[in-house]
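Here's the structure we're looking at; comments come further down.
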Ligand SMILES: Nc1ncnc2c1ncn2[C@@H]1O[C@H](COP(=O)(O)OP(=O)(O)OP(=O)(O)O)[C@@H](O)[C@H]1O
């Protein structure tokens, strides 16, 4: 328990109190049986968090598990597009919401599966957005899910904090770009995880290098990587690198992420299976 704890959870400002975090965990839907929850976080937006969430989900599905993706990035939802989902979420006979299942059998819930027009902006304040994420947990009938990947909002603000406190997150994967590593933005995400008592299962350095299709040489466009030293400093065992890859971008942006064929995240997925 934190030294600052006032034993009054509704007004106490201590973010690192384990009792407080436990008490805020949502119950979930009676028709959901979710075994492990893995949050995918980043220090800032646009570094490839949705891409990593989607790839890890696809790998776990290929390994034979029941997989779900809860798109908690409510103002910038990218998951339905990556999987080419056109349909809308339907209501269940129990009055809950049913997730949409991808071609490959992954269950997905995202605000874009509820909006009439997917290009409509979500202009909601933090507490409303946090409420939506809790509804995705409590009102969606997920059924059997071995691994639930949560695409978290970027940064260390109100909504990621609520997600970490409200969902029973077993571990986090931090996604970073090479520039983030230098600017220390990623360390804020790493330190937030420690404050919330959430283990970091791995760091993914995205857009780490470019491999020339002509000469096959690796180019460190943004300089030498220091992901290994950062991971060592914070005792994070597993690191992975994803290069800048136009084919991957095409799959992510044009509805084909389930057909990717690289092994960039295979070791991290195996580590998650063993340790989450
Ligand atoms: N390794 C990569 N190679 C090529 N393009 C990439 C790579 N990683 C991500 N991209 C592209 O960068 C864009 C942003 O990726 P993505 O949506 O996964 O980021 P994000 O961190 O989830 O963003 P946001 O925080 O806005 O939700 C996408 O168009 C994606 O295709």
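Including glycine, each Cβ sits where the backbone N, Cα and C put it.
A TrEMBL annotation is a machine prediction, not a hand-curated record.
Database features, via TrEMBL:
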| type | residues | note |
| --- | --- | --- |
| BINDING | 43, 44, 45, 46, 47, 48, 49, 50 | ATP binding site |
DSSP secondary structure for residue 50 (ATP binding site), reduced to helix/strand/coil, please. helix
Look at each of the binding-site residues, 43, 45, and point out the one with the fewest other Cβ atoms around it within 10 Å. 45
Just checking: which of the binding-site residues 43, 44, 47 have a C-beta under 6 Å from ligand 1? 47
Around residue 48 (ATP binding site), how many other C-beta atoms are within 10 angstroms of its C-beta? 23
When neighbour density is defined as the number of other C-beta atoms within 10 angstroms of a residue's C-beta, which of the binding-site residues 44, 49, 50 has the lowest density? 44
If you count Cβ atoms within 10 Å of each one, which of the binding-site residues 46, 47 comes out on top? 47
Please state whether DSSP places residue 43 (ATP binding site) in a helix, a strand or coil. coil
